Amino acid sequence: MENQNLGTYKTVLSAEQDIVSDHKFQKDYVVPAAVYLAMVKEAFVINTSSNELEFLEVSILNALIIEQDVPVNVFVELEQDGAVYRFKVVSQKLDKNSLHVYGKIRESSFQREDSLLLTEIQARCKEFIEKEAFYKRYERSGIYYGKYYKTVQEVHQNIFEFISVIESEKINDKSPLYPLSIFPAYMDGAIQSIGSIYRGDEKIIYVPSFIKRIRILKIPTGKCYCYGTTYTDSSKNPEKLVYDLTVCDERGMVVMELSQFEMKRYIIGLR
C-alpha cells in the first residue's frame with residue numbers, strides 16, 4: 001500500500017493474488033468485504049501507528065469483480081474529523097470510479113480482559129459440522145473458496161448460535177501484500193461461519209451490507225474461535241439477517257468483535 005497524497009492510499013488488486021483468486025461467486029473473482037476493511041486498517045495504522053481500533057457504521061455497497069489479467073487500482077480515502085477518520089474505498093476501472101465501502105474508524109480505548117467460556121458454548125451447540133461438509137453448503141449456492149479462505153475447520157451449532165474453529169493454512173509472509181493478508185483470512189472466516197446456522201433457501205444467499213461496530217484488539221493468528229449469535233430466523237428468508245460475532249484466541253481471550261453485522265438478501269440469478 002502506498003501513500004498517493006494526504007489521506008489517499010493505493011493498492012493494486014489482481015486475480016493473481018490469493019486474497020482475490022480464492023474468493024469466487026459462480027465464475028467471478030469477487031473481492032470480499034474483509035479485504036476492503038484490511039486496506040482501511042493499514043491506511044489508518046500508517047496515519048496513527050495505532051493497532052487498537054474500531055470501525056463504526058460501515059456500509060458495504062457494490063461488489064468489486066476482478067477479471068483475469070486486468071489488475072485494478074483500489075484507493076482508500078481518509079479524512080480526519082476530530083478523533084474520527086471518515087473513510088471510503090473506491091476502485092478505478094477505465095477512468096470510472098466505483099464506491100465499495102464507507103464508514104468511520106478511530107483509535108480504540110476499549111480494553112476487554114474477559115474471555116469466552118468455550119467449553120460451555122460448545123456444550124450448548126450440539127450439532128457438529130466438519131470442514132468439508134461446511135464448504136459444500138456454500139458450493140451448492142455458487143460460492144467457492146480457495147485454500148486461502150478455507151479457514152473454518154469445524155463448527156458446533158444450535159438454531160441461534162454457533163462456535164467455529166478458524167485457522168489459516170495459507171498466508172505467505174514474504175508477499176508484498178502480507179500486511180493485508182492476515183486480517184481478511186480470519187475476518188472472512190468469521191463471516192463464513194454464519195452460514196452454519198443459515199436454514200433458508202439455498203438459492204437465496206446473503207451478502208454483507210452494514211456493520212454497526214468492529215472492535216479490533218489484536219490481529220487474530222494461529223488457532224482462533226468465532227462465537228456468533230443471530231437476531232433473526234433465516235428459515236423465513238427475511239430481507240436481512242443480523243448477527244453479533246466475537247473472535248477469540250485459543251485461550252478464549254477476545255481479539256475482535258463485530259456488532260450488529262447485517263447481511264442483505266440476494267437471489268441468485270438476479271444480477
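The backbone N, Cα and C atoms fix where each Cβ goes, and this holds for glycine too.
Automatic prediction, not curation, is the source of TrEMBL annotations.
The active site, proton acceptor annotation in TrEMBL covers H23. Per TrEMBL, active site, proton donor is recorded for D188. The domain 'PKS/mFAS DH' feature in TrEMBL is assigned to 1-271. The feature region 'N-terminal hotdog fold' is assigned by TrEMBL to 1-112. Summarising the annotation, TrEMBL assigns region 'C-terminal hotdog fold' to 126-271.
Residues of the region 'C-terminal hotdog fold' (126-271) grouped by DSSP class, helix first, strand second and coil last, total 36 helix, 64 strand, 46 coil. The Cβ of the residue listed as 'active site, proton donor' has 26 neighbouring Cβ atoms from other residues within 10 Å, across all protein chains displayed.
Listed in sequence order, the residues of the same chain lying 6 or more apart from H23 (active site, proton acceptor) and placing their CB within less than 8 Å of its CB are Y29, V30, V31, P32, Y145, G146, Y149, D188.
Averaged across the region 'C-terminal hotdog fold' (126-271), pLDDT in this predicted model comes to 89. Residue counts for the region 'N-terminal hotdog fold' (1-112) under DSSP, split into helix (H, G, I), strand (E, B) and coil, are 20 helix, 60 strand, 32 coil.
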